[in-house]
Amino acid sequence: MAIERTLSIIKPDATKRNLTGKINAKFEDAGLRIIAQKRIQLTKEQAGAFYAVHKERPFFDELTTFMASEPVVVQVLEGESAIAKNREVMGATNPADAAPGTVRAEFAESVGENSVHGSDAPETAAVEIAFFFSSLELVG
Ligand code: DAT
Ligand code: MG
C-alpha cells in the first residue's frame with residue numbers, strides 16, 4: 001500500500017449535466033483528495049493525443065469527437081492506492097456492468113459517454129498527469 005496520484009477526467013456528458021460536484025463528492029467520500037483541478041475545452045487533436053493508445057480501435061473517432069464536444073474537468077486525485085480506489089469509485093467501463101453506487105452506474109449514459117476517465121496503472125498515471133499539469137500545479 002502506498003500513497004499514489006492518479007489522473008481523473010470528468011467527461012463532457014457529466015460537465016454538460018452539471019454533475020461535477022456530485023462526482024467530486026464520491027471521490028472525497030472514498031478518501032481521495034483532489035490536489036489539482038481545472039476545467040478545459042479539449043480540441044479533437046488534443047483528445048486524440050491523450051487517447052493515442054486507442055487510436056486503432058473502432059471507437060477512436062467517436063471517442064475523440066465526444067471528448068472535444070464540451071468542456072471537461074481534469075483533476076489529480078491523491079490517496080492510499082488512489083489508482084485502484086478511483087477505478088472502484090468509477091465502476092466498469094460499460095455502465096450496464098458497473099456496480100451500484102459507482103459513478104458510472106449512477107451517471108453514465110452509455111459505454112462511450114461514461115462520465116469519467118481514470119488512469120489504470122502507475123506508469124499511465126504519471127504520463128497522464130504530466131499531459132495536463134505541471135508539478136507546480138500539484139498541491140498535495
Ligand atoms: P476505461 O475508460 O474504463 O479505462 P478503456 O480504456 O477501455 O476504458 O476505454 C477508454 C474509453 O473509450 C472508454 O471510457 C469509453 C471508450 N470506449 C471503450 N470501449 C468502447 C466501445 N466499445 N464503444 C464506444 N466507446 C468505447
Ligand atoms: Mg482506460
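Positions of Cβ are set from backbone N, Cα and C atoms, glycine also.
Marked as domain 'Nucleoside diphosphate kinase-like' by TrEMBL: 3-140. In the predicted model, residues of the domain 'Nucleoside diphosphate kinase-like' (3-140) average a pLDDT of 98.
Long-range Cβ neighbours of R87 (ATP binding site) (same chain, at least 6 residues apart, Cβ-Cβ under 8 Å): G118, D120. In this structure, R87 (ATP binding site) is part of a helix by DSSP. According to TrEMBL, the feature ATP binding site maps to K11, F59, R87, T93, R104, N114.
Listed in sequence order, L7, S8, I9, K11 are the same-chain residues at least 6 apart in sequence whose CB falls under 8 Å from the CB of H117 (active site, pros-phosphohistidine intermediate). Taken from TrEMBL, the feature active site, pros-phosphohistidine intermediate covers H117.
Each of the binding-site residues K11, R104 was ranked by the number of other C-beta atoms within 10 Å, and first place falls to K11. In terms of DSSP helix, strand and coil, the domain 'Nucleoside diphosphate kinase-like' (3-140) has 64 helix, 28 strand, 46 coil. Of the listed binding-site residues T93, N114, the Cβ environment within 10 Å is emptiest of other Cβ atoms at T93. All chains included, 12 other C-beta atoms sit within 10 angstroms of the C-beta of F59 (ATP binding site).
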